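Feature annotations, reproduced from Swiss-Prot:
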ACT_SITE  GLU103  active site, proton acceptor
ACT_SITE  TYR115  active site, proton donor
BINDING   ILE69, ALA70, VAL71, ARG77, ARG78, GLY79, LEU80, GLY81, ARG82, ASN108  acetyl-CoA binding site
DOMAIN    2-147  domain 'N-acetyltransferase'
Amino acid sequence: MNTISILSTTDLPAAWQIEQRAHAFPWSEKTFFGNQGERYLNLKLTADDRMAAFAITQVVLDEATLFNIAVDPDFQRRGLGRMLLEHLIDELETRGVVTLWLEVRASNAAAIALYESLGFNEATIRRNYYPTAQGHEDAIIMALPISM
């Protein structure tokens, strides 16, 4: 059974392990552990009695920014990222958030397809934003109107 709940400080070491396993260029430890607090809505998804995914989202007034989402490679391709995002969007709507923003690597076709299927639209592009093994790649900034 899959459950979604708040990502607490006691969950951070397990989430940090997922961060390192799921991303080719993970956040620094300082950045990861620093994106917590009262302005954040950070969630975890548990599957098979194990943390399988997390989302780090900052909420400021009526806007939110999804800073980071990761699914453990052992749990990928099961729809858990979609499940976590749908839950996050529902929760943000109840809090009166009108727009959810995110950025995604231009090469991450699977994530872009997921975001588009949930109603996100491309807002702009940040050129040469993300590091790669060969240099840099663009970030696509996307927005989802949630409620008015």
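Including glycine, each Cβ sits where the backbone N, Cα and C put it.
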Acetyl-CoA site residues ILE69, ALA70, VAL71, ARG77, ARG78, GLY79, LEU80, GLY81, ARG82, ASN108: biggest Cα-Cα distance, Å? 17
Starting from the Cα of TYR115 (active site, proton donor), work out which of the binding-site residues (ILE69, VAL71, ARG78, LEU80) are within 10 Å. none
Consider the binding-site residues ILE69, VAL71, ARG78, LEU80, ARG82 and say which one has the Cα lying nearest the Cα of the residue listed as 'active site, proton acceptor'. ILE69
Residues near VAL71 (acetyl-CoA binding site) in space but at least six apart in sequence (CB under 8 A): ILE18, ALA22, LEU45, ALA52, ALA53, LEU80, GLY81, LEU84
DSSP tally for the domain 'N-acetyltransferase' (2-147), helix/strand/coil in that order, comes to 47 helix, 60 strand, 39 coil
Mind giving me a neighbour count for ARG78 (acetyl-CoA binding site)? Other Cβ atoms within 10 Å of its Cβ, every protein chain shown. 14
Cβ-Cβ neighbours of LEU80 (acetyl-CoA binding site) (radius 10 Å): 19
Out of GLU103, TYR115, which of these active-site residues shows the lowest number of other CB atoms within 10 Å of its CB? GLU103
Candidates ILE69, ARG82: member of the binding-site residues with the richest Cβ shell (10 Å): ILE69
Please average pLDDT over the domain 'N-acetyltransferase' (2-147) for the predicted structure. 96
